[in-house]
Amino acid sequence: LALNPWDVVLCVSGTIISCENAVVVVVIFHSPAFRAPMFLLIGSLATADLLAGLGLILHFAFVYFIPSEVVSLLTMGLLVTSFIASVSSLLAITIDRYLSLYNALTYYSERTVTRTYLMLILTWGASICYGLLPIMGWNCLKEPSACSIVKPLKKNHLIILSVSFFMVFAVMLQLYVQICRLICHHAHQIAIQRHFMATSHYVTTRKGIATLAIVLGTFASCWLPFAIYCLLGDHSYPALYTYATLLPATYNSMINPIIYAFRNQEIQRVLWTVCCGCLSSTVPFCSYSPSDV
């Protein structure tokens, strides 16, 4: 095959994604300190994005160096699994953030740990089952007219994924609206109790809402173009349109570690300690709420 520049860009993106998320996975799962529910969910997100990056690399390698239908189905199944797990992990993190504010007094309990494990099991169970569908026969290799914009996935396959994405996005949007209301309410209560000025309440509220807007805006801008095109596009459309909408979706896996992991002060402390020994390992470990992550 002639080398497609878009495939090269996706492969390079996959390499960056893999390196970023590998660091997060190693830090979270290697350190016993990161066993709180919020860190488990961040670890799940990083694992999903790591698999997405590896899937992009493997897809490039097998398409150009080891062409095989079976291998193509396997790599596509890996990509489907990883992207579903990534979006589902983002939903789980959003739910966890909302509950940490809504049930602040009971959040740090065994119930929260059980709920977190349940969300992880559902996330990865559904992702793996759906990712196995192409290799189990739900593909368009023998029926090209049924292909979607992403071969060898069927059109119906991709429509289900797109509709599921819009449902997840709608739930996340609703939860973030509720989180914004809780932030405004909490900031107002704190301002009254501590006799803060109104400007201080305004600054605190604006900062919290701006952070949530960045999180949700990044997710929407990365995924919405591809999700919309999956519903409207057809296998006969130019491949350029698929690449142009798929590339931003992969960037979400590149941005996630920055938003959810590298901004966290505890993870920063461990990274600085490991990389250059700038900070002492005896620095006390503080547990922040999910809304700080």
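Every residue, even glycine, has its Cβ placed from backbone N, Cα and C.
What you are looking at is a predicted structure, and each value in this text was computed from that prediction instead of being measured.
Residues or ranges marked as transmembrane segment by TrEMBL: 6-29, 41-66, 72-95, 116-138, 158-177, 209-228, 240-262. According to TrEMBL, the feature domain 'G-protein coupled receptors family 1 profile' maps to 20-260.
A contact between the transmembrane segment (6-29) and the transmembrane segment (158-177) is absent, since fewer than 3 of their C-beta pairs, 6 or more residues apart, lie under 8 Å. Sequence-distant contacts of the transmembrane segment (209-228) (same chain, six or more residues past either end, CB-CB distance under 8 Å): 87, 90, 162, 165-166, 169, 172-173, 176, 179-180, 183-184, 244-246, 248-249, 251-252, 255, 259. Residues 38, 41-42, 44-45, 47-52, 54-56, 58-59, 62-63, 116, 119-120, 122-124, 126-128, 130-135, 139, 141, 150, 152-153, 161, 164-165, 168, 171-172, 175-176, 179, 219, 223, 249, 252-253, 256, 260, 290, 293 of the same chain lie 6 or more positions beyond the ends of the transmembrane segment (72-95) yet place their CB under 8 Å from a CB of it.
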